[in-house]
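Feature annotations, courtesy of TrEMBL:
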- Thr65, Asp66, Phe167, Arg184, Gln233, Asn259: 5-hydroxyisourate binding site (BINDING)
- Thr65, Asp66, Phe167, Arg184, Gln233, Asn259: urate binding site (BINDING)
- Thr65, Asn259: O2 binding site (BINDING)
Amino acid sequence: MHMLSLQIKDVEVLSCEYGKNTIKFLRLKREGKKHFVKEVEVCTHLRLTSAHDYLDGNNAAVIPTDTIKNIVLVLAKKNGIQTIEQFAIDICKYFMTTFCQVAYVKTYIQEVPWQRLQENGIPHIHSFICVPEGIRFCEAEQCKNGPLVVFAGIKDLKLMKTTQSGFEGFHKSECTTLPERNDRILCGELFCKWSYGECKDFDFDCVWNKVRECVIEAFAGPPDCGVYSPSYQKTVNSIQMLILSRVSQVQVIEVMLNNTFYNVLDMKNLGLTNDKEVSKCSKYYCKGLLKKST
């Protein structure tokens, strides 16, 4: 029995992209004795107007990934990095305006969270500390003759509160063993991504800081009393609703909470009373996507 071999004419190309991942570098800016740093990781992907490289092995239109890397580094040198969002916009605009064979470009950037060191409240002029209080990232993408769209976000933001959380009234079946709780630890690693829509003259630093403040406020509540969370799902929604109500530039918001569940250990067999002081952990997640109504 002979297998019929497919020809190119028998298939339809649904997607064909390529690019350069993990372009890591540090951009140093000097203003007199004072220094500023941006350490970033950049990924840039392209789709060409034809798929001859993919279908026929014809590389005439292919921009080598080494060239992509060099373009990113040259733009960082020439333009600097005011914000990662603006730098992503610069990269997309360069590829769209320079290469007629580019049909689509997408750039992802994440930033190492360096903060300026302070001593007795005085900022150091050239020393920094890496503070992992959430990783800032962004995406920018554009199709030929289409709008340039920008996304931004926070990831790996670890949050915990040791009370003011519970989980009660849930559906029960013959497989349910989880007891109801009205006082438990709420802990999770947050991923938050939002859309700015079409590229405009936004203050990206200001918006990012406002979103982060909303995340922390909705999760923790007032500092003297907190706020009760009846579930991880409701906490995710509360974060989204506060952001959409306070940050006008954000139109669509996705939040995912990768949860760490702490289960209080029974230590009676060790002759001890455990008043929710020692717990073991397990993990699960909750995700939500909200959009402002038009």
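Backbone N, Cα and C atoms are what each Cβ position is placed from, and that goes for glycine too.
Cβ crowding, taken as the number of other Cβ atoms within 10 Å, peaks at Asn259 among the binding-site residues Thr65, Gln233, Asn259. Site extent for 5-hydroxyisourate: among the recorded binding residues Thr65, Asp66, Phe167, Arg184, Gln233, Asn259, the largest C-alpha separation is 52 Å.
The number of other CB atoms found within 10 A of the CB of Phe167 (5-hydroxyisourate binding site), across every protein chain shown, is 18.
For Asp66 (5-hydroxyisourate binding site), the Cβ neighbour count at a 10 Å cut-off comes to 9, with all displayed protein chains included.
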